[in-house]
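Below is one structure, written out as structure tokens; the observations come after it.
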Amino acid sequence: MTNIRKSHPLAKIINESFIDLPAPSNISAWWNFGSLLGVCLIIQILTGLFLAMHYTSDTMTAFSSVTHICRDVNYGWIIRYIHANGASMFFICLFMHVGRGVYYGSFTFTETWNIGILLMFTVMATAFMGYVLPWGQMSFWGATVITNLLSAIPYVGTNLVEWIWGGFSVDKATLTRFFAFHFILPFIISALAAVHLLFLHETGSNNPSGVVSDSDKIPFHPYYTIKDILGLLLLILVLMLLVLFSPDLLGDPNNYIPANPLNTPPHIKPEWYFLFAYAILRSIPNKLGGVLALVLSILILAIVPLLHTSKQRSMMFRPLSQCLFWLLVADLLTLTWIGGQPVEHPFITIGQLASILYFSIFLILMPISGIIENRLLKW
């Protein structure tokens, strides 16, 4: 008699995805982040669901409903802070996951990679809308500034912004629709993640060496289920340390002030995980140019496979490319720092130099280093 997990139509899909899946024998801890992103998504959907039971998406009551959740709802404070800091953990895992893809050449699976980029945009949109919902000062002004960027689009810009706002400014209609979108998007992300996995399982996983590992595969369970559980425990440890000891560490104090359209905060900035893109946006004096640079800062990942000149897939044995990769990481950290600073000297200049370096690494330096490494190996 065949095992039910191999014969039942539904169990068979789960079995082929998480149990009997052939996996390379040498994948490192950098391959944990995919499953951690799945866990983060589940945590966010569950905590978000419980928050939505008590939240009201009305400009008059949104702020006080969040206060009510923290003060009066049983364990409401911990649900709220797990959700807020869970978003930060989500983005940490996301950046690590993308970084691993760039370092080890996983972008050569173009379908999986492109779905991943689409997922990244969707997650960023969801996080942005979620930041608006508590209706604090930074929520309101963040929504105003970021949506206003669309007005830079020629001809249709102003109409598009007013259409998104549902009026002539960020108001009740905006908050209501942002709540609706924030609720539905995680389910769209879940569907996209399933497609992401579908394409990945067509090719099989990459591995640190970048060499095809078809001749050396091991079953996903128990080897990588155990390995993923270790990553999961570390994720939960870091998340709970954040939630229980310093829940507001990554937030903005201005968001504890109710939204006031008549009073602009001294320095409007998004959450920390958007600061690198925000710094790139601000480094260009022209509004349309800034918006294009903002979009391209993520979209540039789509042309990484096209600009891959090396005959080796992974950077594991390419010291020159490794130096450029870590320069890129340092550059992103610099941009994140600059995004949180006021627009004044010397931060403007540092931001502009860091932005130029960011695009140069992807468009010029990485392809050149690939060609040089090929020559050094006489390929």
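Yeah, the Cβs are placed from backbone N, Cα and C, and that goes for glycine too.
For HIS83, HIS182, the entry in Swiss-Prot reads heme b b562 binding site, with the evidence type similarity to another entry. As annotated by Swiss-Prot, heme b b566 binding site applies to HIS97, HIS196, with the evidence given as similarity to another entry. According to Swiss-Prot, the ubiquinone binding site annotation covers HIS201, on the basis of similarity to another entry. Per Swiss-Prot, transmembrane segment is recorded for 33-53, 77-98, 113-133, 178-198, 226-246, 288-308, 320-340, 347-367, and the stated evidence type is similarity to another entry.
Annotation note: HIS201 (ubiquinone binding site) sits in a helical segment as assigned by DSSP. Here the transmembrane segment (77-98) has Cβ contacts under 8 Å with residues 30, 33-34, 36-37, 40-41, 43-44, 47-48, 50-51, 66, 69-71, 116, 120, 123, 127, 130, 235, 238-239, 242-243, 247, 250-251, 271-273, 301 of the same chain, all six or more residues outside its ends. A straight line from the CA of HIS83 (heme b b562 binding site) to the CA of HIS97 (heme b b566 binding site) spans 21 Å. Ranked by how many other Cβ atoms sit within 10 Å of their Cβ, the binding-site residues HIS83, HIS196, HIS201 place HIS201 at the bottom. Counting only same-chain residues 6+ beyond the ends of the transmembrane segment (113-133), those with a CB under 8 A from a CB of the stretch are 48, 55, 57, 62, 66, 87, 90-91, 94, 98, 101, 106-107, 139-140, 142-143, 146, 174-175, 178-179, 181-182, 185-186, 188-189, 192-193, 195-196, 199, 270-271, 273-274, 298-299, 301-302, 304-305.
Secondary structure at HIS196 (heme b b566 binding site), as computed by DSSP, is helix. For HIS182 (heme b b562 binding site), the count of additional Cβ atoms within 10 Å of its Cβ stands at 21 [all protein chains shown]. For HIS182 (heme b b562 binding site), the nearest neighbour among the binding-site residues HIS97, HIS196, HIS201, judged by Cα separation, is HIS196. Rounded to the nearest whole angstrom, the C-alpha distance between HIS201 (ubiquinone binding site) and HIS97 (heme b b566 binding site) is 17. If you take the C-beta of HIS97 (heme b b566 binding site) and look for same-chain residues 6 or more apart in sequence within under 8 angstroms, you find PHE33, GLY34, LEU37.
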